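Student: Provided herewith is a single structure, encoded as structure tokens, for subsequent inquiry.
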Amino acid sequence: MISKAWPNQNLIKKSFPIIGMHCASCARLIEKKLVGVPGVVACAVNYGSEQATVEIDEKVKDKDLANAVSDIGYKAVIEAEGEKTPDEVKEGVKIEELKKLRTKVIVSAVLSSIIFLGSFPEWFGISLNPFVLWLLSTPVQFWAGWEFYLATWSGLRNRAASMDTLISIGTSAAYGYSILSLFGITSGTYFDTAAVIITLILLGRFLEAKAKAYTSDAIKKLLGLQAKTARVLRGGREVDISIEEVKVGDLIRVRPGEKIPVDGVITEGTSSVDESMVTGESLPVDKIKGDAVIGATLNKNGSLIFKATKVGKDTMLSQIVKMVSEAQSSRAPIQRLADSVSSYFVPVVLMVAVAVFVVWYVLGMPLLAFVNMVAVLIIACPCAMGLATPTAIMVGTGKGAEKGILIKDAAALETAHKIKTIIFDKTGTLTIGKPSVTDVSDPKTAEIAASLEVGSEHSLAEAIISYAVQKKIKTHKVTGFKAVPGAGIEGTIEGQKYFFGNRGEKSEMVQKLEDEGKTVMLLESGGKILGYIAVADTLKEGVSETVGLLEKRGIEVWMVTGDNERTAKAIAKQTGIKNVMAQVLPHDKADKVKEMKSAISHKSSAIGFVGDGINDAPALAASDVGIAMGTGTDVAIESAGITLLNHDIRSVLTAIDLSRVTLRVIKQNLFWAFGYNATLIPVAAGILYPFTGWLLNPALAAFAMAASSISVVGNSLRLKGVKI
Amino acid sequence: MDKTLTILGGVSLVALIWWFFFGKREEVIIVADGKIDVLVEGGYKPSVIKIKKGQKTIISLLRKDPNSCLEEFILPDFKISKFLPVNQKVDIEITPDKSGEFGFHCGMNMFHGKVVVE
């Protein structure tokens, strides 16, 4: 430790990692350099933990420290305070705003309560001098309510109006009218009305801002998954560096229980990895050398070394965050009406308020004319309309991301529940996409076949060998191995010559297996068939269950494949799919989708296509809702509206359900927002007065207006708890 | 007399409101060099931005208005939503691949403008 501290100085202690030290003398060198920086009074660099700790006065900038360290060939990783992410800036501003708003709400609530109590001596027995009421309401009007004036002024300069315009005009009218009455020009004071309106609207804004913060929780949660540091192997040693410093090609060590910092490929070790937080896949996935790992997932039990392949904004997590935030910024088609109404809303309400005043005045009730005009200005709530769709989309897409369902835009989320026809690609979507052994006549056949296949390069050999490994079947040495093109393979084991392929007479059993769409290979020796092995691409878990549930909902399910009719029908039978399009070449899939689209006349029905792989991209794009399996390529994901990261075919149903519940909430919100304004504006205008004698007190109007925005946000937040 | 004056006054006020808000001429700016500054103060100045199809354009937003209504800038057709800190320039980049009119608005959908792609 090098120190030049002296007492009574205001010092800050700061620690940060240093990269690039080779020995203890490096640490001393850095200490000397850092303590030479003006304002640094003490410095200790620990070579073991690769950390520097400095005591500095407030004037020392992070940049000065970083530059000093880099001058001598090392690197200091200091979190620069000036380089906050936009989200952090927003968070900071929001916290500050909420604090200010809270103070205003508390102060104006206290003042408004006194004003209110003092305004109705007949109810509360307290009588306050009108001039005292004026004095008390002035800070509420011009301090707490100052933001309404500011916003109104800046809007008017631009010939635009907002909710603030309505509030400032409404409360100023009540406040101004009351002052005139103090001097005998008018009668009656409404200081209480103005103060209570401002307090309630501010309280509404405060609660709304708090609730709105929860709607963007999903992104925060996703970002929170990110590991902060990575243990990189450099120069034969393991060095902890910040995640931003990791480069493609770095070898990274992950111990059991640690998070995998970035995307990569395992080069050493085996483990099972919990990927649920990113992909929604519920079971841990076993990983061996050569397997891909995803950043932000949790390494469970083994120690791994992997090579970083994607870092920074290219990692899967960053891509997910980008996609979710883009989807949340997109516009749902259903929002268009609210969009067009909101452009006219405030000016129209201003005109209605003037008309209300005129009508009541002409009817000979000047006081009602005034009160009703203020009530109309205050009750109108354009905010609820503006919040109705975006808040629900935000919560809905966030909920999807939590379940491994990535939604590209609001339009896809809105359309998915309209799917009346769904087309599944077969290979890789309904099936695993890799052949595996399904039937074996007897263990001896498997033993001989596996031994022969060791030397084969045929695509089915892999299936048989992995079957043998899995069943722990021992293999024998083969001599005279030969591949017979188009027929099979032959070889000699322990002096006996075998042939394994499609040659020979097929038994009834073999015929039956072939009818099921399986590829059957026969083992023959000396002209006699010894046994058979059937290989087929197997169905993914949950396929028939999903097909059944889709049909139960009245959705027509189709399968499209390049396979021949017989294989296609066999697979379709296993899945329960009744409609099959076989022998469809990859580039024709999109045409098939278009054909079906044109056949549907009903506009409210949509066609969904579920697929993976590059050759599905045109079909995914051609459908109304493209759903890509997460195992698919990036291209497929680009062309799809919805991506199922969890590889689970059952999530097709979840996605449709998510769309349905989100749409329901949007419709409820819009109905509420439009219904609220359409009903209460006329009530505030006094339309019920001639029939029932009902009028809306402007203070009550303020309460209703504040409650309406909050209830829309609250209704959207309800989506978080909905079970799908 | 009173009533007549009130009616006349009311009608003129409604007409004035109509003229004031709906009769304004939108300020249109044609972007020539791929960059445009937009002032966010009581709305967007300019509020109509014309750009060419396929042309990469940077819209540089400067919010001077503390009104929280304007804190968010949303251009939904381009999936853009940006938080605008007061007195701090925020750049957004777009390269439109189709022509048409694409509206943008504030977080509360109160203030509007549009990008016209030709």
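Glycine is no exception: its Cβ is also placed from the backbone N, Cα and C atoms.
Got these off TrEMBL a minute ago, pasting:
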DOMAIN    A:12-77  domain 'HMA'
TRANSMEM  A:105-126  transmembrane segment
TRANSMEM  A:132-153  transmembrane segment
TRANSMEM  A:165-183  transmembrane segment
TRANSMEM  A:189-207  transmembrane segment
TRANSMEM  A:344-363  transmembrane segment
TRANSMEM  A:369-389  transmembrane segment
TRANSMEM  A:670-689  transmembrane segment
TRANSMEM  A:695-717  transmembrane segment
Student: In the domain 'HMA' (A:12-77), how many residues does DSSP assign to helix, to strand and to coil?
Tutor: 22 helix, 24 strand, 20 coil
Student: So which residues does the transmembrane segment (A:344-363) touch in its own chain, when a touch means Cβ under 8 Å and the partner is 6 or more beyond its ends?
Tutor: 161-163, 165-166, 169, 369-370, 372-373, 376-377, 380, 382, 385, 677, 681, 685-686
Student: Tell me, what is the mean pLDDT of the domain 'HMA' (A:12-77)?
Tutor: 78
Student: So, taking each listed stretch (A:105-126, A:369-389, A:670-689, A:695-717) in turn and counting its Cβ pairs to the transmembrane segment (A:132-153) that are under 8 angstroms, which one gives the highest count?
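Tutor: Ranking A:105-126, A:369-389, A:670-689, A:695-717 by Cβ pairs under 8 Å to the transmembrane segment (A:132-153) puts A:105-126 first.
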Student: Grab the same-chain neighbours of the transmembrane segment (A:165-183) for me: Cβ-Cβ under 8 Å, and only residues 6 or more beyond its ends, written as numbers and ranges.
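Tutor: Answer is 130-131, 133-134, 137, 141, 145, 148-149, 151-152, 155-156, 189-191, 193-194, 197-198, 201, 346, 349-350, 353, 370, 373-374, 377-378, 380, 698.
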